[in-house]
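Below you'll find the structure, written out as structure tokens, and then a few comments.
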Amino acid sequence: MLQEAIKKIVSKENLEEREAYAVMNEIMSGNATPSLIGGILIGLRLKGESVEEITGFAKAMRDNAIKLELASDYVIDTCGTGGDGGKTFNISTAVAIIASAAGVKVAKHGNRAVSSKSGSADVLMELGFDIEMVPEKTKRLIEEKGMGFLFAPKYHVAMKNVAGIRKELGTRTVFNVLGPLTNPAFVKGQVLGVYDKELTHPLAEVLLRLGTEKAMVVHGFDGLDEITTTSPTFVSEVKEGKVIDYVIDPEDYGIPYAKLEDLEGKDAKENAQIILNILKGEKGPKRDIVVLNAAAALYIGKVVEDLKEGIKVANYLIDTGLALDKLTEILEYQRRLN
């Protein structure tokens, strides 16, 4: 199967969705040789991955993952592909906490650091989250308190079959975008940051095919995989069964432009402190970018009608201490579960 696929890819032909599914299934099974897997990954990188290919791969990875079956019918995720080289603090992690304080159910899917000094798993550990929590307890945490963390290696066990190859290749592959597309809770809403403008529309199309109801796939003009505050941001939104493209400018929402260095984080310990300071009400560019992205999460989470209202609600949740209280409440409940 893989040899046939390589022939096709090398001839610059796209795989059909079902072929891509079969290829990824074979890779996940552990039966594929490293050289064939490497050939597929590099071939795809050179050809460029199609929407059908990414969809097929994502479906196979979802089917090979340990699933988290939630009773709630609408759950969201806030995450990025990483790899944007921006050295920012963990914005989407702060956003997840604020969204859950507004009553949005958040299944935060993530891993340790890839391109930064601190991934969502690293910073959540610093904040007191048990990232190795068994799925059954994580499920209760999301259902009862509105937010839980799904540590990717715990759910995507078959990924160990490609970990060594990805490290050896040392270049971006399709797996860099598959992480955020394969949340084991099968979330219906998503704010997804990507490292390349060319990915926003295709990945929104993929999310649509995967059954996503509402999503914003975003990429800042400055290169960040967030809705940025140093420049406008490209957005491809999944809305009512279609993908629409537009641009968000922070100044239109009363948020002043920041400098990239204003948004930088350091290691997990410092990033956790940045998040706590924001939740305690500290003002400035770091809070601004969190509020703007939280507004998007509240919009995707169906608690506000638009970003303007989302910004008001996010600011309210911070200023009243409700967001910080929510974090305390989640950690307290986690302690009881453990």
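Each Cβ is built from the backbone N, Cα and C atoms, and glycine gets one as well.
Look at Swiss-Prot and you will find GLY80, ASN111 tagged as anthranilate 1 binding site, backed by sequence analysis. Swiss-Prot lists GLY80, 83-84, THR88, 90-93, 108-116, SER120 with the feature 5-phospho-alpha-D-ribose 1-diphosphate binding site, giving sequence analysis as the kind of evidence. Annotation source Swiss-Prot lists Mg(2+) 1 binding site at SER92, GLU226. The anthranilate 2 binding site annotation in Swiss-Prot covers ARG166 and rests on sequence analysis. Taken from Swiss-Prot, the feature Mg(2+) 2 binding site covers ASP225, GLU226, and the record attributes it to sequence analysis.
Structure coloured by features recorded in Swiss-Prot.
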| residue | record | CB count, 10 Å |
| --- | --- | --- |
| GLY80 | anthranilate 1 binding site | 28 |
| THR88 | 5-phospho-alpha-D-ribose 1-diphosphate binding site | 24 |
| SER92 | 5-phospho-alpha-D-ribose 1-diphosphate binding site | 25 |
| HIS109 | 5-phospho-alpha-D-ribose 1-diphosphate binding site | 27 |
| ASN111 | anthranilate 1 binding site | 19 |
| ARG112 | 5-phospho-alpha-D-ribose 1-diphosphate binding site | 15 |
| ARG166 | anthranilate 2 binding site | 17 |
| ASP225 | Mg(2+) 2 binding site | 28 |
| GLU226 | Mg(2+) 1 binding site | 27 |
Query = How big is the gap, in Å, between the Cα of ARG166 (anthranilate 2 binding site) and that of THR88 (5-phospho-alpha-D-ribose 1-diphosphate binding site), rounded to a whole number?
reply = 24
Key: Conformational class of the residue listed as 'anthranilate 2 binding site' under the three-state DSSP mapping   = helix
Note = Per DSSP (three-state), THR88 (5-phospho-alpha-D-ribose 1-diphosphate binding site) is strand
Message = Cα-Cα, whole number of Å: ASP225 (Mg(2+) 2 binding site) versus ARG112 (5-phospho-alpha-D-ribose 1-diphosphate binding site)?
response = 17
